[in-house]
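Colleague: I grabbed these lines from TrEMBL:
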BINDING   A:246, A:251, A:254, A:262  [2Fe-2S] cluster binding site
DOMAIN    A:6-108  domain 'FAD-binding FR-type'
């Protein structure tokens, strides 16, 4: 019989890093306690896990690490509710619960042999980082064509994973475009909203998949741009946010039409979303 | 072993009383009792509130639900409220809280209201003594608000 | 009764036709015998569904704030009192509200009937007599025999607030409020009362029908749903149920108009009114206050006098 | 086959030693399924319980696990407890409801152990309906008031005796403990008559699912929901509603994770931490409720998620009648988009 899917495994919080200058987003690095746990936790970019802050509750967060980074999981979490607040205040070394991996993942099999454009806004960049990191791995890089990442935030201080971005800047395997909404002192790269920067960069849609994650407004205005660039809806993917509890497709709250975001999602193509009621 | 333990526990039984004290009078009164070294039982857990008018009836219910053996709410004497009318408004609320809780079967002496001024350190000690005695006589909170758990973690120690 | 129904329809038709209101909130015949159901007439063509009789038990004041636009409402005495409290608390815009007042002699307590004749198959109301065909037998009742408990002690059968009155007014009892039910409970011992409420609370399933049916429970976020602080755990047990009911009743103290909507809404038959009535009695005896008997005035707990009774103070 | 009620009662009392036995009992304000120790406590003449028997597999409030924190460490313990159980007197609508819940608690990817292990260790003794309430409409869903689908052992009350039908292996194991005899021809005829009965109230659901496919943007939802109070009575009293919440109960350094019934009618059900709420109005919530039962569930599981027990009709404070709601959807005009 399969393991009880309601029981979390225990992982150790080894790093609680303040990620953004507004101190609202922290990145938690969790370490597997044993090999067995790690082997059972086989995941792919785009999946999420339910994190337990014992004494406060459980909440779902996208996994920011890639399966190519062994031993750990990372989550970048905005401070909004009960659980995320508790996580932010947690001391390093504390044990947290993790259930997962849950949901589906970005269709990396389909991406093979194609170019991939990753477009992310704000702190929705977490699973996109996982995806980029996965494709950039030495073992996988050869499977994919050009990888373009367009990533924006309101200001430079709100960009996630700054060190990694700096590294990607100089990595010939990836074409990184970063942008901020308004000019800021010391910022020499793009300035402008993601939709217009995307339009400006104009990635070719030939043999290319696009993955878009970000605030609803950003997605709303980016989609027409992608359409203009001739991306068909089947080749545009996004990841949905929804209130979830069980993560198993049972408790009912993430139900949209016939789909349960936790089990059938969170990754959907725009073609799939067009078939679903607009309730997300 | 059960019986012996129960007996031993009975001997050292000291009620736990949640005391909501208004910042301007009763809390200062309690402070005065402390400064003046006035002895009173160490049964109260003080929670300072800005005014007795701040007391939400749910505070009292929650204290009982979480296993307090008694509750004491104290504010400025009517007419002396730092905010002019806070305790006048609170007074009606308190009368109804007390009445309702008694009506649903909570023993009368578990929930207590009083007015204690900043100058009444000795009286504050007397109030606590009186409340402690009466709550002690009632024994531990096994009342109808306490969340009784069937063996899980939520049971009180 | 037929005249009243016709007059209600005429008024509703006129208000909608003249564009004075966008919707008329009243009652239509329900799907089950002896049941009326709230009805929202949006056009003059729909007003012929409106009815009025002893089955119109829901308190329609519940809907007023939630219904957008200008609205007319068919209001009994208790509905109008709820509206009065809502107005006192600035929850409604008086100009957006047209009150079609109807005097009420009480509503039927279906539970009494079902307890005797089983599920009701057919029923008719004629001349104050209710003839019922039930699964366990047939019976004819006098209206007085099956009148809802709350209506038996009602002192405001005529609307306290209205823009038009339909039908005749009924004679309102002049004597002081009757709290015999509360007194009977008060005279029991603490232990007996505790047992009574334990039994009642063990029935509650926390579906919140009482809260949602109550015209005066309008908090944006109810304390039971609040997660910081969390007043209640997810538990459904008699202690937490009492916490919920007592918390709700204390929020309603001095505001409850004793319409009985909570108790009628309860699918489990919990005696919620026993709590509300106690507060109503206390507020009346201590502060000589009745909730919602006029548009101006304030709820009892929003006011005070310098010599309010203080018997509740700790014994010293 | 049949057994006299007296003999059945004796066998029932013997079962109490080996099983936790749940049966209908009169609790003063109606019928409730409760643990019983003797057949004499069982209410035999009843329409149906106030609340559905789903709670024995999916309790309203249930501990999933408990934990203890010590410093930065934590120990976690499962709270799954399962007993051998017999549910006696389950009506055909509720038995069918359990089959539908089975599909929810075991989907293409996950099995819910709390539900499933209890379900596997439970035997359902169904009891056919010889009286049909005005709110019953199970025949709308190809459920017969005296149909044995979903039961392990199925009984029909013949007055002094029960007709006994063995439906599953589990039922057979129980039937082996009963001294069964043959039916007389008259009894056989009576059984046939009871079995052929239908509920007088029926709704036509033949085209409802395909109609709802096209109704997401229908104005029907605007007026439908007006009188709904948004309480949870219909969901809690529904034998197929299964939504739940998971929360934590904490005392000092210990806590339990519990799940409690929740309902799609509650505004907080879909509220995000960010404040965004995809179903932030009653209209969207009512649409979800109806769509889920009569459309989404059909697409996912091949049948409607309503068994026509009529509990929601009976207990709705404002007499919202699901039969009328479905009928209204059947008749609603489609908007051309």
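Using the three backbone atoms N, Cα and C, a Cβ is placed for every residue, glycine included.
A TrEMBL annotation is a machine prediction, not a hand-curated record.
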Colleague: Please report the three-state DSSP label of residue A:262 ([2Fe-2S] cluster binding site).
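Modeller: Assignment for residue A:262 ([2Fe-2S] cluster binding site) reads helix.
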Colleague: List the residues of the same chain that sit at least 6 positions away from residue A:254 ([2Fe-2S] cluster binding site) in sequence and have their Cβ under 8 Å from its Cβ, in sequence order, or write 'none'.
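Modeller: Spatial neighbours, sequence-distant, of residue A:254 ([2Fe-2S] cluster binding site): A:242, A:243, A:244, A:260, A:261, A:262, A:265.
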Colleague: Other residues with Cβ within 8 Å of the Cβ centroid of A:246, A:251, A:254, A:262 at the [2Fe-2S] cluster site?
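Modeller: Those within range, site residues removed, are A:244, A:245, A:247, A:248, A:249, A:250, A:252, A:253, A:260, A:261, A:263.
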Colleague: For residue A:262 ([2Fe-2S] cluster binding site), just count the other CB atoms lying within 10 A of its CB, please.
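Modeller: So the number of other Cβ atoms within 10 Å of residue A:262 ([2Fe-2S] cluster binding site) is 29.
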Colleague: Tell me the residue counts in helix, strand and coil for the domain 'FAD-binding FR-type' (A:6-108), as DSSP assigns them.
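Modeller: DSSP classes over the domain 'FAD-binding FR-type' (A:6-108) add up to 14 helix, 45 strand, 44 coil.
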Colleague: Please identify which of A:246, A:251 has the densest Cβ environment, defined as other Cβ atoms within 10 Å, among these binding-site residues.
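Modeller: Output for this query is A:246.
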Colleague: Averaged over the whole of the domain 'FAD-binding FR-type' (A:6-108), what is the pLDDT?
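Modeller: When the pLDDT values over the domain 'FAD-binding FR-type' (A:6-108) are averaged, the result is 93.
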